[in-house]
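The structure appears below as structure tokens.
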């Protein structure tokens, strides 16, 4: 008679070095976030050209940008509970298909009203993808490396946004703004089948949901070949909490931390989206060309990649709250300095790079902080609500940027 061996999934993940399968999950997560970042940044890059071709006002552009951000907020808020119910993988794959399709539809828009509707629908998919891929990767990460690995995948956002800027500097002058939108839609549609084939469901989610042991075993044997017996069953240290995930997020134990996560992420995304969405238009109005404006904004986004890696590394070594506070403060100083350097293209690019490294890096670190804070049964909901509330700051930035331009407030004052 064969004896059943019960294995603790969390203990196995924490005790073993990072496997090739875990590295694959991290890579897939990075790619999803990169596609997300590319698509979200698109409107900022096409805005100056759109104003010329369609004769739209800054306020109209603000409504288009905010429509996408409202979609992002709603997509994040509603996808989290769905992912805690149906699974992370289903939500991620469907969201990638969804935002790819509607980005292509946006490229075919005939007027600003159509574009507003299509960007809202695109935003629903974008908002659902990001927090849930972060949740899934966090549940495959050893606790000693969790912050660093989550920041690696969220480096994809700034990588994708920077790639969008460099692509815009070449594609828009040659082929027009439609070409950039088409590229942003085709890439996710091509990548979604890869996710269906290679992306696993979270084993922690499967254990909490009491999925068949055979299904969990197949994933664990890919994770650690040769270590998992055929008769093994799986558990987590804490028993699943029989409560609604949102109730856990707002329970006495987690309420204050949830509010603080929401507030900090709200302010962080307000700053990042204000600069990311309106920087090309602002610096163009102080004398930079469309190409220079795109390159400068790409430098701002590219800095976030380095900053995110540094933030994750620092959070795994010192108090993560102090680490993020310090990085935000330095980012604020360099953002102010940008306003006094508009006369020098090289200097403003350098300052934009450092500002982006700090602000984007700290925002990326917030995802790692959120993933550490919540239990498995509420992790997707907690992270998604942080993203959803944070997007409210991004929405506010769209209107704030449009209003500042309408009032002819200088780039120096905005910075």
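Using N, Cα and C of the backbone, Cβ positions are placed for all residues, glycine too.
Bear in mind that TrEMBL entries carry predicted annotations, made automatically and left uncurated.
TrEMBL lists 25-415 with the feature domain 'Major facilitator superfamily (MFS) profile'.
Away from its own ends, the transmembrane segment (24-47) comes close to residues 61, 64-65, 68, 72, 92, 96, 99-100, 103, 119, 122, 126, 129-130, 133-134, 136-137, 140-141, 149, 152-161, 163-165, 167-168, 172, 177, 180-181, 184-185, 187-188, 191, 194-195, 198-200, 276-281, 294, 297, 301 of its chain (Cβ-Cβ under 8 Å, at least six residues beyond either end). Residues or ranges marked as transmembrane segment by TrEMBL: 24-47 (among others).
Sequence annotations record features per position, and here TrEMBL assigns transmembrane segment to 59-79 (among others).
Beyond the transmembrane segment (91-110), the same-chain residues lying 6 or more positions past its ends with a Cβ under 8 Å from any Cβ of the stretch are 32, 35-36, 39, 42, 75, 79, 82-83, 118-119, 121-126, 128-129, 132-133, 136, 178, 181-182, 184-189, 191-192, 195-196, 199. Taken from TrEMBL, the feature transmembrane segment applies to 91-110 (among others).
Residues of the same chain lying 6 or more positions beyond the ends of the transmembrane segment (116-137) and with a Cβ under 8 Å from any Cβ of it are 25-26, 28-29, 32-33, 35-36, 39-40, 43, 63-65, 67-80, 83, 88-89, 91-92, 94-100, 102-103, 105-106, 109, 149-150, 153-154, 157, 199, 201-202, 367, 370-371, 379-380, 383-384, 386-388, 391. According to TrEMBL, the feature transmembrane segment maps to 116-137 (among others).
The transmembrane segment annotation in TrEMBL covers 149-172 (among others). Nonlocal intrachain contacts for the transmembrane segment (149-172), taken as residues 6+ away from its ends with a CB within less than 8 angstroms of a stretch CB, comprise 26, 29-42, 45-46, 49, 130, 133-134, 137-138, 141, 179-180, 183-184, 276, 290-291, 294-295, 297-299, 301-305, 307-309, 311-313, 315, 356, 360-361, 364-365, 367-368, 371.
Look at TrEMBL and you will find 178-200 (among others) tagged as transmembrane segment. Residues 21, 24-25, 28, 31-32, 35, 38-39, 42, 45-46, 89, 92-93, 96-97, 99-108, 136, 164, 167-168, 171-172, 219, 222 of the same chain, all 6+ positions outside the transmembrane segment (178-200), place their C-beta atoms under 8 angstroms from a C-beta of that stretch.
TrEMBL lists 256-279 (among others) with the feature transmembrane segment.
Taking Cβ pairs closer than 8 Å, the transmembrane segment (291-314) reaches residues 37, 41, 44-45, 48, 147-152, 154-155, 157-159, 161-162, 164-166, 168-169, 172-173, 275-276, 279-281, 283-284, 323-324, 327, 345, 348-350, 352-362, 364-365, 368 in its own chain, all 6 or more past its ends. Here TrEMBL flags 291-314 (among others) as transmembrane segment.
Residues annotated as transmembrane segment in TrEMBL: 326-354 (among others).
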